[in-house]
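See structure below.
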Amino acid sequence: MALQCRLSGATFQSLKLATIPISSSSSRFIFRTLPKTLNLALFSRHSAPKAPPFSVLIRNLSAPAVAAAPASETSDIKVVKPQWNAAIDFKWIRDNKEAVAVNIKNRNSNANLELVLQLYDKMLNLQKRSQLIFADRLQEVERLRGERNNVANKMKGKLEPSERQKLIEEGKDLKEALTTLEEDLVKLRDELQIEAQCIPNLTHPDVPIGWEDSSKLRNMVGSPRKFDFPVKDHLQIGKELDLFDFDAAAEVSGSKFYYLKNEAVMLEMALVNWTLTEVMKRGFTPLTTPEIVRSSVVEKCGFQPRGENTQVYSIEDSDQCLIGTAEIPVGGIHMDSIVAESALPLKYVAFSHCFRTEAGAAGTATRQEESDMYHEELIKIEEDLFSSLGLHFKILDMATGDLGAPAYRKFDVEAWMPGLERYGEISSASNCTDYQSRRLGIRYRPSESPSTTSKKGKTNLAATKFVHTLNATACAIPRMLVCLLENFQQEDGSVIIPHPLRPFMGG
């Protein structure tokens, strides 16, 4: 996962995080999704862009995490209290509702924009009403206090009981009226947060509109290997070479789980160590991550830990979940913090398991284009890795219907699987702009010279900005095992290991 720092307006910093899952997340492969992952992450800085039509919404839909108050109750209606609050620019959404509505439709999101706008207007009216009541009551109290003072002066400090009681009653009325309005406001804000957090990130203007079959071919690398003997799939190869044990795993864990055996174990370790070594050459700091995180962190990264279609394992009677990707704990490293501009860029490559409930579906810069630049960097790393192994693959610019809520743009890498006679996804790289960082509260403070006021001599620090987050899979191990076994099989039943991996398999 890659985190990049940036916001609307002035200079930004970026934090990039990238992931490398080991096991497959797609039902198109026989391996069940309990992957190990390597994640690439980096922070860098850049300045405010000349925003394309949809770029502003990205900056306004999410915000730094804010601690949530205890559940509140207004009248007899119980309100679900969000675990955290995103700093969402509701005014911007209202002022750009047409663009937001089109984006929700294009991404096939179930976000209810009309309800969000209704709740926002209702909240504004209630705030205005609260302010008016407070101003009127305060004016009345001040008038009574003035009268009391006059009376007190006349009576040499003594106040008539009726006057005293009148002031007491006015104070009680003011407190009760404001308490009721404040409770209503809390309820409205909670409802508004819950609904608005469903609105997806905006979309890069070049992303094709439609479902997966509308995705655009970005690049084609290499060509399929031509075999002069009958091609086997990875299951047959694995059985003949005693590389997998699905039967024992099915008894122990369930269908589609597996044991790796013999050279397959060495190959898995080789892929991990080779990937780490190659990515570390590019300046990434290696990490292993916690595999249990708070559900609020999962939500802030844009996943639904307790939704109907969740792929997240939630731990019963707790607020914790098993991670489905290293993107989540890597994103949490700098949660609710301000990163020094001088420390950027920061890069991480994280290795972890990826638990999913089922084999699922599948420097200094000065311009906003830096976010896109880092996206290009991540996909280039993936392309270099897969090319060095001699794989034939294509890179797709995925259509709107295939984007998750946080993604502004996503590139998928699909490699040719000769035994399966089709392409299969082996990696992806996503730019999430500041959708996640506004929820995680990851910001940076520009290192521009602070200004000093002329009156009191106080130093005004530059305003903090949100980072941008990006993520990429460097090596999904089970899928890579499929690619390597099927593409490098030999007529005698053996499998040739690509040269880059040989040093990591004892030669």
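In case you wondered, yes, glycine gets a Cβ from its N, Cα and C as well.
Summarising the annotation, TrEMBL assigns coiled coil to 164-191. TrEMBL lists 233-498 with the feature domain 'Aminoacyl-transfer RNA synthetases class-II family profile'. Marked as L-serine binding site by TrEMBL: Thr325, Arg356, Asn471. Look at TrEMBL and you will find Arg356, Thr357, Glu358, Glu425, Ile426, Ser427, Ser428 tagged as ATP binding site. Annotation source TrEMBL lists site 'Important for serine binding' at Thr473.
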Completion exercise
With Ser427 (ATP binding site) as reference and a Cα-Cα limit of 10 Å, the qualifying recorded positions from Thr325, Arg356, Thr473 are Thr473
Practice task
Work through the recorded positions one by one (Thr325, Arg356, Asn471, Thr473) and name whichever has its CA nearest to the CA of Glu425 (ATP binding site).
Solution key: Thr473
Handout entry: For L-serine: widest Cα to Cα gap among Thr325, Arg356, Asn471 in Å
Key = 18
Handout entry: Distance, Ser428 (ATP binding site) to Asn471 (L-serine binding site) (CA atoms, angstrom)
Key = 8
Fill in the blank from the handout: Ile426 (ATP binding site) sits from Arg356 (L-serine binding site) (Cα to Cα, rounded, in Å) at a distance of 17
Exercise for the section: Summarise the model's confidence over the domain 'Aminoacyl-transfer RNA synthetases class-II family profile' (233-498) as a mean pLDDT value. Expected result: 86
Exercise for the section: Report, in whole Å, the straight Cα-to-Cα distance of Thr473 (site 'Important for serine binding') from Thr325 (L-serine binding site). Expected result: 10
Exercise for the section: Calculate the distance in Å between the alpha carbons (Cα) of Ile426 (ATP binding site) and Thr473 (site 'Important for serine binding'), and round it to a whole number. Expected result: 8
Completion exercise
The rounded CA-CA distance in Å from Thr473 (site 'Important for serine binding') to Ser428 (ATP binding site) is 6
Exercise for the section: For Ser428 (ATP binding site), write down the residues of its own chain that are at least 6 apart in sequence and whose Cβ falls under 8 Å from its Cβ; none is a fine answer. Expected result: Met398, Lys410, Phe411, Asp412, Val413, Ala472, Thr473
